Amino acid sequence: MSFPRGSYDPAASNSSPWWPLSAEDANSSWEAAGHQKGSDPSGDVRNEELAKLEIAVLAVIFVVAVLGNSSVLLALHRTPRKTSRMHLFIRHLSLADLAVAFFQVLPQLCWDITYRFRGPDWLCRVVKHLQVFAMFASAYMLVVMTADRYIAVCHPLKTLQQPTRRSRLMIAASWVLSFLLSTPQYFIFSMIEIEVNNGTKTQDCWATFIQPWGTRAYVTWMTSGVFVVPVVILGTCYGFICYHIWRNVRGKTASRQSKGSGEDVAPFHKGLLVTPCVSSVKTISRAKIRTVKMTFVIVTAYILCWAPFFIVQMWSVWDDNFIWTDSENPSITITALLASLNSCCNPWIYMFFSGHLLQDCVQSFPCCQRMVQKFTKDDSDNMSRRHTSYSNNRSPTNSTGTWKDSPKSSRSIRFIPVST
């Protein structure tokens with residue numbers, strides 16, 4: 001995954017097109033790094049050690065994302081349980097994360113390996129469009145799933161009005177909106193001829209911006225559309241969910257206390273009668289805990305994965321003192337690459353909170369199933385042996401001595417005649 005470079009590539013750059021710099025910015029960064037003004041900043045070289053690190057990180061992310069999301073899809077396909085609306089959203093979220101793996105991470109991995117983009121102009125435009133499309137799809141699928149949970153908890157009566165149809169419309173809207181918002185990539189990126197190695201010409205897939213505000217406008221728009229807006233919506237929806245459940249629990253608790261004191265008075269809140277939406281306090285408590293935990297994990301994972309990338313992007317275009325060689329810092333490069341790690345986390349988060357999905361996923365693989373059966377059998381045998389040993393060492397009086405050592409064993413029993 002990457003944001004565009006500008007119309008000129010400094011010598012210090014790696015193969016990943018991370019920071020969109022103009023020719024003037026690149027030259028000033030080269031001079032600020034301590035090079036002479038007359039030296040050539042256009043050598044077609046890169047930091048090979050850092051490039052190898054980028055390739056390794058992207059390869060691991062790609063493998064983990066594909067395996068994790070494919071396992072979720074396989075578990076959903078083979079589960080014997082009835083498919084719910086949440087399963088529908090999880091399925092499409094996994095598809096969106098697979099799009100991130102194949103349309104975003106994999107092209108960037110190939111690009112890092114070849115250093116320069118190898119392909120015609122139309123392929124350059126398509127690749128850049130699909131990369132951003134995957135970013136939008138993964139973020140917006142999470143948003144519509146959160147919106148569905150908000151409707152289910154805060155407006156339960158609306159779930160009776162064709163809930164499956166509404167869910168499918170929300171999912172379709174997120175896919176279409178993601179495609180439309182990423183369409184400008186076709187007009188921003190193209191194969192551009194650049195000058196390297198003292199006048200040698202080559203081509204690469206770059207973006208062309210109106211200077212000096214074009215780059216800032218693009219990065220700010222992407223940061224707002226992919227990160228800021230989804231985080232605000234996620235936080236707002238889950239905030240209402242937690243508040244609604246907390247108010248429901250408080251109303252139910254007050255009702256129980258009034259019944260215990262013999263007062264037949266319903267709890268009031270701001271002059272309105274508070275009626276619990278769920279019939280069981282225990283059920284509400286579990287739902288509250290599960291919602292709070294899932295909220296914390298989802299929002300935290302999303303922010304931790306995406307925040308470093310967008311912080312670096314915004315810093316690079318809004319800080320006039322930003323030096324190009326700062327992008328060669330391995331820590332900055334790796335934190336930017338880890339944005340795609342969110343697609344690796346999502347399947348395991350939902351399998352953990354869904355419970356049975358993890359079991360269905362394990363049962364989908366024969367090797368894992370045999371391993372689980374072996375461990376279960378070993379545990380059963382160990383329990384059986386412990387139970388047998390415990391039973392043999394207990395006396396008829398449940399003392400710790402053995403049967404033959406018991407004072408009430410068979411040899412001390414006296415047969416007393418019974419009168420008839």
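Keep in mind that glycine also has a Cβ here, set from the backbone N, Cα and C atoms.
Sequence annotations record features per position, and here Swiss-Prot assigns compositional bias 'Polar residues' to 389-403.
Residues annotated as S-palmitoyl cysteine in Swiss-Prot: CYS367 (among others).
Residues or ranges marked as S-palmitoyl cysteine by Swiss-Prot on the basis of similarity to another entry: CYS368 (among others).
Residues or ranges marked as region 'Disordered' in Swiss-Prot: 1-20 (among others).
The feature region 'Disordered' is assigned by Swiss-Prot to 379-411 (among others).
Marked as topological domain 'Extracellular' by Swiss-Prot: 1-54 (among others).
As annotated by Swiss-Prot, topological domain 'Cytoplasmic' applies to 76-92 (among others).
Look at Swiss-Prot and you will find 114-125 (among others) tagged as topological domain 'Extracellular'. Secondary structure of the topological domain 'Extracellular' (114-125), assigned with DSSP and counted as helix (H, G, I), strand (E, B) and coil, comes to 6 helix, 0 strand, 6 coil.
If you look up Swiss-Prot, you'll see 147-168 (among others) marked as topological domain 'Cytoplasmic', on the strength of sequence analysis.
Residue counts for the topological domain 'Extracellular' (190-225) under DSSP, split into helix (H, G, I), strand (E, B) and coil, are 12 helix, 15 strand, 9 coil. The topological domain 'Extracellular' feature in Swiss-Prot is assigned to 190-225 (among others); the stated evidence is sequence analysis.
Residues or ranges marked as topological domain 'Cytoplasmic' by Swiss-Prot on the basis of sequence analysis: 247-294 (among others).
What Swiss-Prot lists as topological domain 'Extracellular' is 316-331 (among others).
Per-residue confidence over the topological domain 'Cytoplasmic' (353-420) averages 54 (mean pLDDT, predicted model). Residues or ranges marked as topological domain 'Cytoplasmic' in Swiss-Prot: 353-420 (among others).
The transmembrane segment feature in Swiss-Prot is assigned to 55-75 (among others); the stated evidence is sequence analysis.
Annotated transmembrane segment per Swiss-Prot: 93-113 (among others), in sequence order, evidence recorded as sequence analysis.
The feature transmembrane segment is assigned by Swiss-Prot to 126-146 (among others). Long-range Cβ contacts of the transmembrane segment (126-146) within its own chain (Cβ-Cβ under 8 Å, at least 6 residues beyond either end) map to 1-2, 4, 86, 89-90, 92-93, 96-97, 99-100, 103-104, 107-108, 117, 119, 170-171, 173-175, 177-179, 181-183, 185-186, 188-189, 205, 207, 222, 225-227, 230, 233-234, 237-238, 298, 302, 342-343, 346.
Of the recorded ranges 93-113, 295-315, 332-352, the transmembrane segment (226-246) has the largest number of C-beta contacts under 8 angstroms with 295-315. Residues 1-2, 14-17, 51, 54-55, 58-59, 61-62, 65-66, 68-70, 72-73, 76, 127, 130-131, 133-135, 137-138, 141-142, 145, 340, 342-344, 346-347, 350 of the same chain sit 6 or more residues outside the transmembrane segment (93-113) yet have a Cβ under 8 Å from a Cβ within it.
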